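Novice: One structure follows; several queries about it will come next.
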Amino acid sequence: MRFRETYTFSAWKWLGFVSAVWVQAISGNNYTFSNYSDAIKTLMNLTQLELNNLSVAKDVGKAFGLLAGVASDRLPTPVILLIGSIEGLIGYGAQWLVVSQKIQPLPYWQMCIFLCMGGNSTTWMNTAVLVTCIRNFRRNRGPVSGILKGYVGLSTAIFTDLCSALFSNDPAKFLIMLAVIPFAVCLTAIFFLHEIPQTASVAAEKEETRYFAIFNIVAVVVAVYLLVYDFIGSTNQVFSLVFAVILFILLASPLAVPVYSFVKSWRLVGFEADMERQEPLLKEEATAARKAEIVTEEEEEVAAAAVAVEEEVAVVEKSRPKLGEDHTMFEAMTTWDFWVLFVSFLCGVGTGMAVMNNMAQIGLALGRADVSIFVSLTSIWGFFGRIISGSVSEYFLKKAGTPRPLWNAASQILMAVGFLLMALAMPGSLYIGSIVVGICYGVRLAVTVPVASELFGLKYYGLLYNILVLNLPIGSFLFSGLLAGYLYDAQATPTPGGGNTCVGADCYRLVFIIMAIASVIGFGLDVLLAIRTKNLYTKIFTSRKSKKSLTASSGQ
């Protein structure tokens, strides 16, 4: 029965991962503000600073993700998903009522609250998914983070392209999608996403590597499919409907992995029946093996007792955990490494959020009436940044012990180049800038997730992850609410009704230059973190290599 139970657990684990992929594919709604921000600005007669502060309110919702982090250690995954789905339904549902003009525009402070609820809803979904999957696949944290964060990046393009295909970019229809679809998907995931007992073997690790390769291939196909649609566009209603159907099929295709795993476990029933028929012939050997196991167990108990005594002495002697061991929130926050990671993360995601929140106004300032393609480009290339960096950083860690923060450093310097290109406002610079910023933002999100777990452990990972995610509202406030808002309004011309508008490259030039400088600072901090954690990653590399060689030799 042991073999069958192992494969059954594996099948449920992969089914949970597929449901996690679906949740992530609809939980990037925080990055879609540009798709309906202009409608809110027009209906409520807002200045750019007021509109940017609404986007900050949306990102402030992530600050309350600390609640999700605390809850992840106390509540089961289905409850966390349910809370997030209900909150999103209310937050985006209220915005839909306003934009669809079902009700009169709400007071500004009430809109801030509903945007905050919409933003906070994703922290519950992301926490439930990431914490559970990182714990289920401890030896493949890079690919897990890359795939899941990749689908978060794709979710913006999925929503944008579906709305473009089916509803002609109607902002009201877009908001009802953001309210209803995540609610329905989370209700489905509640039944499948759970922590599953681990199986530590070379065969299980090889199986995970094969299956993650399949997930990567499917994700890339989805991304390329969305990218092709962005450039072709919707030609007629039938074409749009076919696009939507094929997209749903592609998103459902990862189900093949758990289905295959379940079939594999059912086939083992016949194998176990054969083994049971042979049991009388093997009784003597089994008895001898059991005696040997008893002797081994007694030796292990003696060794465990000795280790326990040593650990008790070690607990008395050491005052704080070492890097790589489990840290509480306060223990992590008393280390230099945490704050280096925190500030470098701020430089990366804060500047990236500013571009995504202001993409509609950046496009209009540069003479682009329809900015949906730039929103989609940032999303799709953000996916490639996430999924490639997750797998590549894991590969080089296993092969050479390369510190993951080096990949963050590379993304920061490339992001600085992207901002300078957008500041120059040359022909095509908005296309190139959108792609570069998307890739680098994706790398930052995908690589920082496993870095935090490797530096500070998995025991309190949910809370630590949400402390790092505080950089999203902080960065949004600093770079989008203050920097971009004030500098845009300084260049803008007032419009009748109380709003304003700005046209020309000067509207955001200084903003891009300052964000390029911030990216260079982030680069320096990531290099510093890579140097400080080099010994830790060398230990991880050596430990994995020795365990693999021991397992291989024992199997011979």
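The backbone N, Cα and C atoms fix where each Cβ goes, and this holds for glycine too.
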Novice: If you look at how TrEMBL annotates this chain, which of 108-134, 432-458 comes out as transmembrane segment?
Specialist: 108-134
Novice: With an 8 Å cut-off on Cβ pairs and a sequence gap of 6 or more, do the transmembrane segment (405-424) and the transmembrane segment (174-193) reach 3 or more such pairs?
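Specialist: By the criterion, they do not touch.
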Novice: Using a threshold of three or more Cβ pairs below 8 Å, and leaving out pairs closer than 6 in sequence, do the transmembrane segment (508-531) and the transmembrane segment (463-488) count as in contact?
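Specialist: By the criterion, they touch.
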Novice: Answer yes if the transmembrane segment (213-232) and the transmembrane segment (508-531) have at least three CB pairs under 8 Å among residue pairs 6 or more apart in sequence, and no otherwise.
Specialist: no
Novice: Of the stretches 79-96, 108-134, 238-263, 362-384, 508-531, which racks up the most C-beta pairs under 8 Å with the transmembrane segment (338-356)?
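Specialist: Between the stretches 79-96, 108-134, 238-263, 362-384, 508-531, 508-531 has the largest tally.
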Novice: Would you kindly check 79-96, 238-263, 508-531 and say which stretch has the most C-beta pairs under 8 angstroms to the transmembrane segment (108-134)?
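Specialist: The stretch with the most close Cβ contacts to the transmembrane segment (108-134) is 79-96.
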